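Here it is, the structure, as structure tokens.
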Amino acid sequence: MVSVICPVFNEEKYIKNCIKSILKQDYNKNNLEVLFVDGGSIDKTKEIITSYQKKHNHIRLLHNQDKIVPYAMNLGIEKAIGDIIIRIDAHSYFPTDYVSTLVYNLDKLGADNVGVACITDVFNKNNKTLAIKEVLSNKYGVGNSLFRIGVKDVQEVDTVPFGCYKKEVFEKFGNYNVKLKRNQDIEFNKRLKRNGGKIYLLPYTNCIYYARETFNGVAKNNYENGKWNIFTVFYTKMVDSLSIRHFIPLIFILSLILPVIGGFLWKPIFYIAVISLITYLGLIISVCVNINYNKKIKFLYLFVSFIILHISYGFGSLAGIIRFPFLK
């Protein structure tokens, strides 16, 4: 039996698309259950799930009184009857062979976790959203993680998006860290690897993740991502719970702020900030020009999207450092 677990909170815009993709899976429905764990949605999320639940008896709806994702996953794992756990996200769409591909390769490879590349997309396509989509898919926007760019062959990795696990893995290595509102999947996979577990990224299929479609949405999401990178280090007491790429926006922000402050003591230090800013802008402008030329996406929207992504992420991490001494 396979148990698919999906944490949800106010996902009325995306949940139908997600459910429809799961219902189209080519995996035997008699060996599949789908658990939606709701964190107290105040929109129509629960009503939508309930309407599908009435027609499909392998769909279950659970209430997560603690609201956040790690509690949802741990509750789902506790209530799951399957010996294989697949985590999914309400913002995502899954091809028909998603479940079957993961389950087959989990067994074939003798893995503890397997996953596939996750392609970023947007529901509503216009100049702004296409620029956001491109930036959130570009190595200069989000780094060159293999699960974003994909692989040609099966490859052992440190983490995968969502994932397909043997349930016994959680009994062996523990559940998701409930202190982590974000990064709980990355931290769990790092913990799994640290203790000898095997994680593989597969080339055979993919999933689609629907990104935020406004600049404000991108800024808020990435500010929280940046902040929780610092909080993750605090709560796990391990820097290697994340990768160096998670801290590059912070390094950039500090390369601007610290030289400006230092410039009041010794003026030449100020020019480090100038060089950093000019180098950054030169790189981003050249990347935007290249994308605009090859993909015909508006330069201005691309430029603004890159700036918002990097600045919000970096300042989020800086806010995390400022709050670091006050965390409990």
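Each residue, glycine too, has its Cβ placed from N, Cα and C.
In case it's useful when we look at the structure, here is the feature table from TrEMBL:
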DOMAIN    3-138  domain 'Glycosyltransferase 2-like'
TRANSMEM  247-266  transmembrane segment
TRANSMEM  272-293  transmembrane segment
TRANSMEM  300-322  transmembrane segment
Which value does the mean pLDDT take for the domain 'Glycosyltransferase 2-like' (3-138) in this predicted structure?
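Mean pLDDT across the domain 'Glycosyltransferase 2-like' (3-138) comes out at 97.
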Using DSSP, how many residues in the domain 'Glycosyltransferase 2-like' (3-138) fall into helix, strand and coil?
52 helix, 33 strand, 51 coil
